[in-house]
Amino acid sequence: MHNKGLGITVLQEFKWTKKMPLDTSLGKGSKQKISWSKKVLIILGFLFVLGAVALITVAVVQNKPLPKNMKYGIVLDAGSSHTSVYVYNWPAEKENDTGVVQQVEVCKVDGPGISSYSKDVEKAGLSLQDCMNTAKQVIPKKEHRDTPVYLGATAGMRLLSLDNNKIADKVLLSVEKSLRLYPFDFQGCRIITGQEEGAYGWISINYMLGNFKQSSSWMPFQQTSTETSGALDLGGASTQITFEPTDSINESPENFMLFRLYGKTYNVYTHSFLCYGKDQALRLRLANDVKNAGSTNLQNPCFNPGYVKNMSAVDLYGSPCTAKYKLFSSSFILITGTGDYHQCQQNLQDMFNKTECPYSRCSFNRIFQPELSGNFGAFSAFYFVMNFLNLTSEKDLSKVKETLKEFCSESWQQVKEKFPDIKEKYLSEYCFSGTYILTLLEMGYGFTSENWGNINFLRKIKGSDAAWTLGYMLNLTNMIPAELPSSPPLSHASYVGLMVLFSFLLASVVFIGWLYFWKPRCLQKGII
Ligand SMILES: Nc1ccn([C@@H]2O[C@H](COP(=O)(O)OP(=O)(O)O)[C@@H](O)[C@H]2O)c(=O)n1
Ligand SMILES: [Ca+2]
């Protein structure tokens, strides 16, 4: 035996012993044929492995992630209490996909909101500089010129422009002047409407949650779309409710916005209540209390027992929300807390006029609201207050009320000792703010213990703050296409992967077929 191939040698020996006596015709020529077939087999096997390796290499090289070309955008949220600068980025080649824009930086501007600089407008612009310098550091230099900057001012500026339009314009000019000093692509400063604020908040959270994704994978006609989530935003001067109602009753056209996003039409209800943000609501309540009591000395159930505060009349009556209540010439209002949750809630209920409604259904103050439907994301002050009270994941409304009742009844001294690191201004108002949130959601919008669990108090979604700013930028940069971009049903990686798999299958079928029909001599019965 010259053949050292183990298996074949043994089988040949077996055949030989069976076919005794020795057939001399299986001589030299036959042995050559066997070794020739073996060679072909080895060559074919080698080519097969080579082909497979080549296919895999092509697939891996072709799908190697390319160095990302990132684009950047800046949005300034000029709120009533403070301004935040948001820096977003996204891969340039994917800008029309959903869920690709990410927040890379948020910088909280020192000092109050820009509307508070009405007496010294130049300072409004100056206040933004530290955060704009931070943005300059975060964004690569080569991208500066292509980075759009938008400033949207909300309810604080809406109130200032109601009070004094000229001063509001001066404040906007001051911030514009300041933003133009930076190497970015300045796109404008403006006061956004309450309707825009609600709608952009809704777009932001649904974009971040991936709810606009039309999930299509194998078959393009099998597209299913996810339900959208409503948006609840509580600011200092206004509050917004926005959701996609199930019924299409559209009694109040000014409360509806029609969007066509990624190939689907959304008819969204939205309303912004000016003066119902938590800071203005407190002023509204106190101004009413002073009027009803006929005194500037107030016993207030919405502050912890033992809390005493002197509030200036300028502060109380200085906004268009309360200006009409100014009756007294006194320059201070004295507030003494009594810490009674039930009384506080009763007191706050008066702020929601439910008696008149010119439509089939209303939230409050004669404003149309369709039946609540689906889940809601509640952010901004809704989150801050509920998070402080440890109530963001409490799905039982009665437990929420119990916690609040307990917190309100704690003495101011106790509360201060328990939370020494929290600013007194915030801490003293948590009893009021928590009770206000509950009353607004229950009495105002009509949430009940049944659908309380549908509210998700959230601050961030996938690393980005829940705020109207992202939706504003997506809209102004035309990053949300009206129609779903036509794309092949498979991603490139899946396509190459499947091609490799099927090539293997085909090659295996051919190989097995070859083995079966043109059995190489070495594998023929009697040899193998
Ligand atoms: N850590 C924080 C930050 C803000 N806030 C409150 O959140 C609200 C934010 O309102 P905003 O400045 O966006 O005002 P709008 O212009 O949106 O009405 C204010 O009432 C702040 O006092 C809070 O309670 N805790
Ligand atoms: Ca806000």
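The backbone N, Cα and C atoms fix where each Cβ goes, and this holds for glycine too.
Here's what TrEMBL has on this protein:
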type	residues	note
TRANSMEM	40-61	transmembrane segment
ACT_SITE	Glu197	active site, proton acceptor
BINDING	Gly236, Ala237, Ser238, Thr239, Gln240	ATP binding site
TRANSMEM	495-518	transmembrane segment
Check your understanding: What three-state class does DSSP give Ser238 (ATP binding site)?
Key -> strand
Revision key, fill the gap. One should report the C-alpha separation between Ala237 (ATP binding site) and the residue listed as 'active site, proton acceptor', rounded to whole angstrom, as 12
Review point. Given Ser238 (ATP binding site) and the residue listed as 'active site, proton acceptor', what distance in Å do their CA atoms have, once rounded to a whole number?
Key: 10
Review point. At the level of the C-alpha atoms, what whole-angstrom distance separates Thr239 (ATP binding site) and Glu197 (active site, proton acceptor)?
Key: 9
Check your understanding: Taking the mean position of the Cβ atoms of Gly236, Ala237, Ser238, Thr239, Gln240 as the ATP site, which residues outside that list, in the same chain, have a Cβ no more than 8 Å away, listed in sequence order?
Key -> Ser80, Thr154, Ala155, Gly194, Asp233, Leu234, Gly235, Ser272, Phe273, Leu274, Tyr276, Gly277, Lys278, Gln280
Point to revise | C-alpha spacing of Gly236 (ATP binding site) relative to the residue listed as 'active site, proton acceptor', in angstrom | key: 14
